[in-house]
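These features come from Swiss-Prot:
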- 63-79: compositional bias 'Basic and acidic residues' (COMPBIAS)
- Cys93-Cys108: disulfide bond (DISULFID)
- Cys100-Cys114: disulfide bond (DISULFID)
- Cys107-Cys125: disulfide bond (DISULFID)
- Cys111-Cys132: disulfide bond (DISULFID)
- Cys116-Cys123: disulfide bond (DISULFID)
- 93-132: domain 'Agouti' (DOMAIN)
- Asn39: N-linked glycosylation site (CARBOHYD)
- 57-88: region 'Disordered' (REGION)
Amino acid sequence: MDVTRLLLATLLVFLCFFTAYSHPPPEEKLRDDRSLRSNSSVNLLDFPSVSIVALNKKSKQTSRKEAEKKRSSKKEASMKKVARPRTPLSAPCVATRDSCKPPAPACCDPCASCQCRFFRSACSCRVLSLNC
């Protein structure tokens, strides 16, 4: 009986010390900015100051105009690029990424080969090696 009480007492003391040392100490309250600057680990003067500026109506309108100019120039550039019509291939072959399900002819590109998926239900000519 005395041994169990001794073990329980030491366990209680251990738990008291453990709970006391596991909690962090209360932080000191800083009274002014000077003590804050001296105690801080990061120097606040190292970072550049940030200024927030509100846009007025004129600057908003100019930015809209610039955006419209960019959009119109992109549209003009896309209109200038006219898609060239593909010339029909004279040889009996299958173009790259077209269906080549057997008994279709071979692929036109010498680096391409007919690759089938889903139990040979979907076949297409694909270029497998880039170094060809």
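Backbone N, Cα and C atoms are what each Cβ position is placed from, and that goes for glycine too.
Among the disulfide-bonded residues listed here, namely Cys108, Cys116, Cys125, Cys132, Cys125 has its C-alpha nearest to that of Cys100 (disulfide bond).
Annotation note: Cys111 (disulfide bond) sits in a coil segment as assigned by DSSP. Spatially close to Cys132 (disulfide bond) yet at least six residues away along the chain are Pro110, Cys111, judged by Cβ distances under 8 angstroms. Among the disulfide-bonded residues listed here, namely Cys93, Cys108, Cys114, Cys116, Cys114 has its C-alpha nearest to that of Cys125 (disulfide bond). Cys108 (disulfide bond) sits 17 Å from Cys116 (disulfide bond), taking the Cα positions as reference. If you take the CA of Cys123 (disulfide bond) and look 10 A around it, the disulfide-bonded residues you hit from Cys93, Cys107, Cys114 are Cys114. Here the disulfide-bonded residues are Cys93, Cys111, Cys114, Cys125; the one with the fewest Cβ atoms within 10 Å of its Cβ is Cys111.
Its Cβ taken as reference, Cys107 (disulfide bond) is surrounded by 22 other Cβ atoms within 10 Å in the chains shown.
Ranking the disulfide-bonded residues Cys108, Cys116, Cys123 by how many Cβ atoms sit within 10 Å of each one's Cβ puts Cys123 at the top. Taking the Cα atom of each, Cys93 (disulfide bond) and Cys116 (disulfide bond) are about 17 angstrom apart.
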